[in-house]
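Asks: My structure is below; once you've seen it, I'll send some questions.
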Amino acid sequence: MARRRKQLPETPEPASIETLSHDGRGIARRDGKTTFIDNALPGEEVMFKFTYMRRKFDEGKAVEIVTASPDRVTPPCEHSTLCGGCSLQHMSPEVQVSRKQAVLREQLAHFGGLEPEEWLAPLTGPVTGYRSKARMGVKYVEAKGETLVGFREKRNSFIAQLHTCEVLIPDVGHRIDELRTLMHGLESRSRIPQIELAAGDDDVALIIRHLDPLSEADQQALLGFCQNLGWHCYLQPGNESTVHRIWPQEGEQRLYYKHPSAGVELAFHPTDFTQVNAEINRKMVPLALDLLDISPDHTVLDLFCGLGNFTIPAAKRAGKVVGVEVSQAMVERGYENARRNSLENLEFHAWDLSQDVSGQAWARQTYDRILIDPPRTGALEMVKLMPRLGASKIVYVSCNPATLARDAGELMALGYRLKAAGVMDMFPHTTHVESIAVFEKMKKK
């Protein structure tokens, strides 16, 4: 027999918030038990309602702020307490960045007491209208006769009913009502689980994931919507390989973005991985290359290179750049971008960097500089090879401070010093910590 969930108290309870959890919730301790409370900041006195009561901890949501923290601000989005896309809109952006710096510092200290010789100034940009890619759920609710379009609600799998999204670029974030009207008017509305939007510097693409073939009427409705806005229109009847554009039928098949500091332009397919914060990306790439201190006679290795976000700009500074990425499609995109920018001093290789690389020709060469931009799991296997690859300077771009700290400890043990580190606010209003670190080979005495 399934255990019945304990009935939750209806009356709000008081709580004193002591600190913040890793996912942005306030932490209170009541009668020896920890309670995680949404929409609450350290130092605040709040009234909250329980959302879950468990044996070891409870969860709740603040319904009244009795004593507010000086760090509290009015959220820029009306849906901030419902939508799970953001977790820190009620905290000032400056304090958000300070908190991310503290998380990076704590993680480095936790793994072997690491401390960089220099803390880099945080890289910051716009805190609204910054996100250029999004995947949104679509749900037709027959009982209510309505269609939902949005992100998941906080702490559950329901789709939040949104009108706007203030972190998406305005051309997308202020059209969610229009997208919902479009989806609701389709004959196939119950067979469309999600839509995806991606923007380049000048164009927006809308991708419709559909489980059944679309009728001619539905296709015409989608075409009319996209043509009216000048958006590219894509359909996805199956897995990612089935994505295809139905409008415009002629012309450029890619979106693109520019790196003005390098004078280059990178093309991408809407489903390709790209950094979602264009402004921070435009600052991050030249920062990383400046920290690498590349000379025209240098050979540079770019690991986890993707479509060439760092590789292509680096080729404008270096004698030769080698990029390695697991996806053959991304390798082809890298070469496409090299041709697009009339660069011939590059080569790309497809290989899973979590696997043995000893049989790879590129791994038997030596390099002057190495850039690493791994996934959340880090790059421990590649880090162990750094002495053999020979670079005197390494720049490591990380989306997970815990694996950065782990890999930093390994690099220190292999004879590198942690020259500098800092955070980049790639995802304002979230707890996600993007960071960058510089390692230099220690000179033998």
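Placement of Cβ uses the backbone N, Cα and C atoms for every residue, glycine included.
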Asks: Of GLU325, GLU332, GLU336, which one shares the S-adenosyl-L-methionine site with GLN275, PHE304, ASN309, ASP352, ASP373 in Swiss-Prot?
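Replies: The candidate from GLU325, GLU332, GLU336 that Swiss-Prot ties to S-adenosyl-L-methionine along with GLN275, PHE304, ASN309, ASP352, ASP373 is GLU325.
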Asks: Counting all other Cβ atoms within 10 Å across every protein chain shown, which of the binding-site residues GLN275, ASN309 scores highest?
Replies: ASN309
Asks: Quick one: give me the count of other CB atoms within 10 A of the CB of ASP373 (S-adenosyl-L-methionine binding site).
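Replies: ASP373 (S-adenosyl-L-methionine binding site): 21 neighbouring Cβ atoms within 10 Å.
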Asks: Helix, strand or coil at GLU325 (S-adenosyl-L-methionine binding site), per DSSP?
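Replies: Strand, per DSSP.
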Asks: Taking only the recorded positions CYS77, CYS86, CYS165, CYS399, which one has a CA atom nearest to the CA atom of GLN275 (S-adenosyl-L-methionine binding site)?
Replies: CYS399
Asks: Do you know which of the binding-site residues GLU325, ASP352 has the most other C-beta atoms within 10 angstroms of its C-beta?
Replies: GLU325
Asks: Among the recorded positions listed here, CYS83, CYS399, which has the most company in the form of other Cβ atoms within 10 Å of its Cβ?
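Replies: Answer returned by the neighbour count: CYS83.
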Asks: What is the Cβ neighbour count of PHE304 (S-adenosyl-L-methionine binding site) at a 10 Å cut-off, with all protein chains included?
Replies: 19
